[in-house]
Amino acid sequence: MPLSSHLLPALVLFLAGSSGWAWVPNHCRSPGQAVCNFVCDCRDCSDEAQCGYHGASPTLGAPFACDFEQDPCGWRDISTSGYSWLRDRAGAALEGPGPHSDHTLGTDLGWYMAVGTHRGKEASTAALRSPTLREAASSCKLRLWYHAASGDVAELRVELTHGAETLTLWQSTGPWGPGWQELAVTTGRIRGDFRVTFSATRNATHRGAVALDDLEFWDCGLPTPQANCPPGHHHCQNKVCVEPQQLCDGEDNCGDLSDENPLTCGRHIATDFETGLGPWNRSEGWSRNHRAGGPERPSWPRRDHSRNSAQGSFLVSVAEPGTPAILSSPEFQASGTSNCSLVFYQYLSGSEAGCLQLFLQTLGPGAPRAPVLLRRRRGELGTAWVRDRVDIQSAYPFQILLAGQTGPGGVVGLDDLILSDHCRPVSEVSTLQPLPPGPRAPAPQPLPPSSRLQDSCKQGHLACGDLCVPPEQLCDFEEQCAGGEDEQACGTTDFESPEAGGWEDASVGRLQWRRVSAQESQGSSAAAAGHFLSLQRAWGQLGAEARVLTPLLGPSGPSCELHLAYYLQSQPRGFLALVVVDNGSRELAWQALSSSAGIWKVDKVLLGARRRPFRLEFVGLVDLDGPDQQGAGVDNVTLRDCSPTVTTERDREVSCNFERDTCSWYPGHLSDTHWRWVESRGPDHDHTTGQGHFVLLDPTDPLAWGHSAHLLSRPQVPAAPTECLSFWYHLHGPQIGTLRLAMRREGEETHLWSRSGTQGNRWHEAWATLSHQPGSHAQYQLLFEGLRDGYHGTMALDDVAVRPGPCWAPNYCSFEDSDCGFSPGGQGLWRRQANASGHAAWGPPTDHTTETAQGHYMVVDTSPDALPRGQTASLTSKEHRPLAQPACLTFWYHGSLRSPGTLRVYLEERGRHQVLSLSAHGGLAWRLGSMDVQAERAWRVVFEAVAAGVAHSYVALDDLLLQDGPCPQPGSCDFESGLCGWSHLAWPGLGGYSWDWGGGATPSRYPQPPVDHTLGTEAGHFAFFETGVLGPGGRAAWLRSEPLPATPASCLRFWYHMGFPEHFYKGELKVLLHSAQGQLAVWGAGGHRRHQWLEAQVEVASAKEFQIVFEATLGGQPALGPIALDDVEYLAGQHCQQPAPSPGNTAAPGSVPAVVGSALLLLMLLVLLGLGGRRWLQKKGSCPFQSNTEATAPGFDNILFNADGVTLPASVTSDP
């Protein structure tokens, strides 16, 4: 009998998850020396599992990587104190400000390894060690991302232990940057076993947390043996094939050193500096180093290249800045038609000003006297020895000069100089034939003429005419020289000049950027004469992308754009991108979307306003040995309108519907998270036309790692003393962050408006008044800031407009950013305050908006010394615009424990009339007030506090909201206009998730019911929550009612909708009662449900004031599935009618045979699997449960607490 379709996946999950089963696919029993050696000997690569990486990572796609999403990949904490490493996500296990999101997923559901805060009085070190690894190739590179929460970690080190020696591959220096930072270190050739260790050290004064994520081992495996090699390749003794240029290059490419044996390389002249300089001559400036770098010399190499050991020797330049150290070779005889090749290893780190140059100095009669520059490397190449090679053909005797010049805080190093067998010293051939007549070679020149300082200007200054332009004014997009020389090598170029516009290659791998002619290129279709920048082969040993950079640039203006022509012909792994390098951070500004098939295309990139210094970098990767003549090129690079003083007509266009472009608005560049100009993405439609453009911030974008994103206007001159900025915003998603509006003026920033959390799947209008000093012409900027404190949802903006004059009163006011134009009156004084310090003289400890002490509200002191008994203090709004239909104004109010008096509410239209009077109950709870409003003219609302003459009393207001439609009854809502009095505040302890509001007619990226229950059509609305965002074992989202009075018996009636794809996916909906007595679960439904609306009724009883809570959570495997609510009705003082039969208790027609057959099969499985299978069957299935309380509530003796230990705040209490 076939297995029932819904039992098979459950059985698989059971077998995989049972503690007695350890199922690992297809072990091929590789020998111990073949395990964790970066080579997949098993077909499924199981011999490389739990090696500090896995054989394949579906998230990263790197060959050997660990993202910590499933497990620690074999990494083990070996700390000897309580300061230790652990696997964590969202800072849940750390006592301190750990990362709120990982690097892999960029959300709070992703995992990483972290070490928490240190409480001890002495320094402690937390160590995380890899399993034993074996045989790293010379090209091996470890790439990872690290995060320091508060920038105060004393030290982070990456160490490699091999035999009795422990090498420090990298050690943190200087201040920590914000967010996740990338780190890449090379291991060098490691023979035999080794381990990698991450060590974090702190002392008693340092706090914060450090985390690691996305470890990747690149190009670490040795080549595999081959029966036959491609033509021209060398067949090693161990049957490995290596390319001919890898012979005698100072590296063990074969893995058995047979490519470096004396038989092959005996005639090469190799200098490793272990015993001296060999045949090379030293001038002042080079020092042979016997000790690796340490804390006193953080930029120096920590190991040599020859031995890959801290005990090895190498050369470093110790010359004074501005004075190069020169190393000269022996004199060589003319090479004739054969190439004299020099392989050398260079180390440039710690400074962008470091430089290593290789010159050819010809000798003898008739030879040119000036040295010829053959190779130059400048800038930061990282903490690695980088291979290079130069081939020399000379008709004259010659010398090779190596000139090293250090920059501030940097180092230039040399190791392993290897001259090929065609480099024949003069002393070697002099015994065979006499030297030609003529003068002897002169001493090497200290500097070639091309590198001498110009005129009398200081080092780094540019001489033009009578000017000495300082370095900070070079490439600042403002011409200082009459001929513009200071802006000529600043990125703009057609590559016809050899200077290439200042672009300089900084590649360290097997690819490089090189200026070539069109005839040289085989990858592009260009046929005309000319030059461009092209990806070409290089001599580096590392498998890294090619990089080429501009000099230091900036500052730039908001209109700055880069225009370029490019081609890309590549397989899927290849790419071409433009990166902005700013103060150590790297921002992806542009990427070729697809291969151009070798056809030249043009594009432009908005760079925007940036501080100095920044650099532009083209990054490329292609497989030049792959099929289809792969390649990439860049030409006609132009930087336009980059001066900060450049203005255009568009700069004054603050009002914008984003249909044509973004007008005067441009994205900030402080992080990798950006606002993007899009069409019908995120929100399914724009606000202007329903089919047009808007600007979008999506925190789920793969590259959105930054904490916030800025959208700025260009500087504006006030058109009037008061202006009104209006805009439409869309803030939607189960865990979306905060949207803010601010104004910058003269270095100060003023917050004008903000919203947090989902506002429903619709566009909302908002406005803010811009106040300027009369007669002032000081420019200002407007700033929309999207905070990435949530990871599921979208933010969008559309239809921004500015007009003279003040704005209407806002429809919503939380008092978080301002007093919303309210003005005090009467005897007392209302004021806006927060209780963050805990020392406020009066007022509630927390606000209602955020339910934290940092939140703001309006409060008035009603104590006798501030407001005598019977006296009033009024708070009057600005004018509201006329209403086209009846509306409901809701607000939350709070009274002191001792009687605060009375709160009256008035409406001012043609006259003033009272619409509401509330006796402000004492207690710790915020309470909801509501009033129906009809106004055909402009109107105001007035809140008036009447003092009761009681000391230490107050009245507070928060969260005023004006919505269309009549006010609902307490605890009831049909969700047609919104959530009514139900609060969906995201609780951080539950993961920060929120219920949302939407309807079937509005497309959403989240699943939802096609129709509501109220109208039964897609035009209706409901509250819903998508449980799939919670993840495995996830937390919950709450929808809470307003505080309701104690009741002996009342009825809660509602309709709910649940839909999940399979039976073993399980969403849960619960009804909780929350009061000062605790939390009680009174109803719940879980498991698979038909996609239809179902009715539920719950008897409610509580001896204390309480709130009703709808809790949505996920009880099983993650799955896309919504839980929705509609037509919630709270019938105070009424018993529920007899509930309809639960659909969970009704068998579906035709299901009996399947059940019987499944039962028989399960019976056989029980015999085989024993008690473990029976336990699983007992847990299988889920039915609605309901707990009916009696009229005399017996107390919360069966209090329900969440498994994650969330402590819920006492938001309601009883009256005193």
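Every residue gets a Cβ built from N, Cα and C, even glycine.
Note on C241 (disulfide bond): other Cβ atoms within 10 Å of its Cβ, all shown chains, come to 19. The feature disulfide bond is assigned by Swiss-Prot to C229-C241 (among others).
The annotation disulfide bond is assigned in Swiss-Prot to C236-C254 (among others). DSSP classifies C254 (disulfide bond) as coil under the three-state reduction. Close to C254 (disulfide bond) in the fold, though at least 6 residues off in sequence, lie P223, C236, Q237, N238, V240, V242, each with a CB less than 8 Å from its CB.
For C265 (disulfide bond), applying a Cβ distance below 8 Å and a minimum sequence separation of six or more within one chain yields L247, C248. The annotation disulfide bond is assigned in Swiss-Prot to C248-C265 (among others).
Residues or ranges marked as disulfide bond in Swiss-Prot: C457-C468 (among others). Over all protein chains present, the Cβ of C468 (disulfide bond) has 16 other Cβ atoms lying within 10 Å.
According to Swiss-Prot, the feature disulfide bond maps to C464-C481 (among others). Counting only residues at least six positions away in the same chain, the Cβ atoms of L462, C464, G465, L467, V469 sit under 8 Å from the Cβ of C481 (disulfide bond).
Feature annotation from Swiss-Prot assigns disulfide bond to C475-C490 (among others). DSSP classifies C475 (disulfide bond) as coil under the three-state reduction. Sequence-distant neighbours of C475 (disulfide bond) (same chain, 6+ residues apart, CB-CB distance under 8 A): D486, E487, A489, C490, G491, G502, T550, P551, L552, L553, G554.
Taken from Swiss-Prot, the feature domain 'MAM 1' applies to 64-222.
Per Swiss-Prot, domain 'LDL-receptor class A 3' is recorded for 456-491. Predicted-model confidence for the domain 'LDL-receptor class A 3' (456-491) is 90, expressed as mean pLDDT.
Positions annotated as domain 'MAM 4' by Swiss-Prot: 654-809.
What Swiss-Prot lists as N-linked glycosylation site is N203 (among others).
Feature annotation from Swiss-Prot assigns N-linked glycosylation site to N281 (among others); the stated evidence is sequence analysis. In the three-state DSSP reading, N281 (N-linked glycosylation site) counts as strand.
N339 (N-linked glycosylation site) falls outside any helix or strand according to DSSP and counts as coil. Sequence-distant neighbours of N339 (N-linked glycosylation site) (same chain, 6+ residues apart, CB-CB distance under 8 A): D391, I392, Q393, S420, H422. What Swiss-Prot lists as N-linked glycosylation site is N339 (among others), and the listing cites sequence analysis.
Feature annotation from Swiss-Prot assigns N-linked glycosylation site to N583 (among others). Here N583 (N-linked glycosylation site) comes close to G177, P613, F614: these same-chain residues lie at least six apart in sequence, with C-beta atoms under 8 angstroms from its C-beta.
Annotation source Swiss-Prot lists N-linked glycosylation site at N636 (among others), citing sequence analysis. Taking a C-beta cut-off of under 8 Å and a sequence gap of six or more, N636 (N-linked glycosylation site) has these contacts in its own chain: D494, H563, L564, A565, V602. Annotation note: N636 (N-linked glycosylation site) sits in a strand segment as assigned by DSSP.
The local packing around N835 (N-linked glycosylation site), expressed as other Cβ atoms within 10 Å of its Cβ over all shown chains, amounts to 20. Summarising the annotation, Swiss-Prot assigns N-linked glycosylation site to N835 (among others).
According to Swiss-Prot, the feature signal peptide maps to 1-22, an assignment based on sequence analysis.
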One residue among the disulfide-bonded residues C236, C457, C490 has the fewest other C-beta atoms within 10 A of its C-beta, namely C457
By Cα geometry, the one of the recorded positions (N203, C229, C241, C457) nearest N281 (N-linked glycosylation site) is C457
Comparing the Cα of C229 (disulfide bond) with the Cα atoms of the recorded positions N203, C457, C468, N835, the shortest distance belongs to N203
Smallest Cα-Cα separation from C457 (disulfide bond) among the recorded positions N203, C241, N835 is shown by N203
Counting every protein chain shown, other Cβ atoms within 10 Å of the Cβ of N281 (N-linked glycosylation site) number 15
Cβ atoms other than its own within 10 Å of the Cβ of C229 (disulfide bond), all chains, total 15
By Cα geometry, the one of the recorded positions (C241, C468, N835) nearest N203 (N-linked glycosylation site) is N835
Under a three-state DSSP reduction, the secondary structure at C468 (disulfide bond) is strand
Cβ neighbour count (10 Å, all chains) around C464 (disulfide bond) is 19
Cβ contacts within 10 Å for C248 (disulfide bond), all chains included, total 21
Quick note, N835 (N-linked glycosylation site) and C468 (disulfide bond): C-alpha atoms separated, nearest Å, by 57
Quick note, C468 (disulfide bond) and C241 (disulfide bond): C-alpha atoms separated, nearest Å, by 56
